[in-house]
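> Sharing a structure, written as structure tokens. Questions coming.
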Amino acid sequence: MVKLAALALLALLGSVACQGDNGSPADSPAAYPPSRSVPPSSAPASPSTPAASPSQPMPSPIVLSPSPTPLAQPPSRGLGAPSQSPPVYPPSVSQPAFPPSGSSSAPSASSPEYLPSPSPSVSSQTPPTYSPDPSPPTSPSPSPLSPSKIAYPPSPSPSQPTYPPSPSPINPRQPPSPGPASYIPSPSPSPDSPAPAPFPPISNSPSPGLSVGHYSYSCPNAEAIVREAVKNATEKNRGTGAGLIRLFFHDCFVRGCDASVLLNTTGSGEPTELKGLPNLTLRGFEVIDAAKAALEEACPGVVSCADVLAFAGRDATFFLTNRTAAYFPMPAGRYDGRGSFSNETTLNLPSPSSGLQQLNESFHAKGLSLEDMVTLSGAHSVGRSSCSSFHDRLSPNSSDMDPQFASSLRKQCSGSDPTAMQDFKTPDDLDRQYYQNAVDHKVLFTSDAALMASNETAKMMLDNAHVSGLWEKKFAAAMVKMGGVGIKTSVDGEIRKKCWIINKV
């Protein structure tokens, strides 16, 4: 028995010796399962981490091999003391830009950038299309549907109708109404609207039925035919050109610009305007008749005599200024009147002996301003006048006329031809010399001298005399404005076949 017990003890001691050679748990570090491993960190252990047993010796740290895809442990969510250093997150591939309005949600990577920049970027120049929204986002470049990008039309030109203002102002930050807007004018003006002209605007024009290029389709060569007739006449006698300008003036001041001054008869038995005292010295009728005959051959019954007279006055202005004045456009579309009475001439035409007040009243009655009167008086720079129109100014001390100039006129008027040139310096040219003559007291008529009687008109006279090109532009505008006085329409007018007689007597 003793031997058997000794053998069992020896066998037990041998088993313990074999385990000591392989390493006991007390001598080797503990191996933790991989699922419980954590990345190295200086943060203390979380309370959720199980503590080591007091009786178990602390294991020595082991060095783990780096994992190909290490797992980042999320930061503590209030389950323990905060970590001393924030966790390191992997860098984002593309950091989205957040809107400045403080939106809580970040836009996706494809969202447009809303961050303002000093200069617009390429993307801001061509922003994507957005649907209208009552509160558009604040961005440096508004969306295409934003009302601030709408191209509002400019202020209407003389050829466009004037639109009344909107009863309520339009909020520029609201999207446009889907219906038609009242503040957007029609793309094409009304046919009755006068076309614009490249000279100073004509205010208060009384001729809404006229238009530039009126015969562009019905008689394309109408203005060229009249121009050729005027050119031939003025080349032969420049006084004829002066007569055409005066003829246009005398027509418009009696019954309006309706060619009533051209009529020999109306079938009423009453003398026509041709028999009126102011019109006895008119000339240029043969030019109008020649142009009308050519027009009737090219375009029968289309061009009115009133328009022929207006074109002739414009063309004479161009040729008498030696083509230095602009060839200004003359609106057309007038109809010819059917009435003409000699007793209306002295009532409507200003007299050469008129004072400033009388002149102003006469022009004002036709819708023409004081400046229009001063400007149109410049036509006295060309042509001749009968001495009977100014003989009362030739006597010594009877007027403010320059004494030497008056003496020379007395000699001219005592000859066989009692006429005198209206401009003694440049008698055959339509220019601003007339105004300098008035300043020097060397003009024929009382009406000419009266223009220096007030400070207002005297300043206009001095400006026309001294500013190159000023009067020519103003004269063109005044001629067009005068050409709109008393326009006849198809209701009270006609297109004459011959300018000296109405169609049906």
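Glycine too: its Cβ is placed from the backbone N, Cα and C atoms.
Just so you know, TrEMBL annotations are computer predictions that nobody has curated.
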> Of the residues CYS387, CYS499, which one does TrEMBL pair with CYS413 through a disulfide?
CYS387
> So CYS299 is in a disulfide according to TrEMBL. Which of these is its partner: CYS18, CYS219, CYS499?
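According to TrEMBL, the disulfide partner of CYS299 among CYS18, CYS219, CYS499 is CYS219.
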> CA-CA, which of the recorded positions ASP258, CYS299, CYS305, PRO350, CYS499 lies nearest CYS387 (disulfide bond)?
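Given the candidates ASP258, CYS299, CYS305, PRO350, CYS499, the nearest one is PRO350.
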> Name the one residue among VAL254, SER260, PRO350, HIS380 whose Cα is closest in three-dimensional space to that of CYS499 (disulfide bond); these are the binding-site residues.
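Minimum Cα distance from CYS499 (disulfide bond) across VAL254, SER260, PRO350, HIS380 lands on SER260.
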> Going by C-alpha distance, which of the disulfide-bonded residues CYS219, CYS305, CYS413 is nearest to CYS257 (disulfide bond)?
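For CYS257 (disulfide bond), the closest Cα among CYS219, CYS305, CYS413 is found at CYS305.
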> Highest Cβ count within 10 Å among the recorded positions CYS252, VAL254, CYS299: which residue is it?
CYS252
> Which of the recorded positions CYS219, CYS252, GLY256, SER260 has its Cα closest in space to the Cα of HIS380 (heme b binding site)?
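Ranked by Cα distance from HIS380 (heme b binding site), first place goes to CYS252.
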> On a count of neighbouring CB atoms within 10 A, which of the disulfide-bonded residues CYS257, CYS387, CYS499 is highest?
CYS257
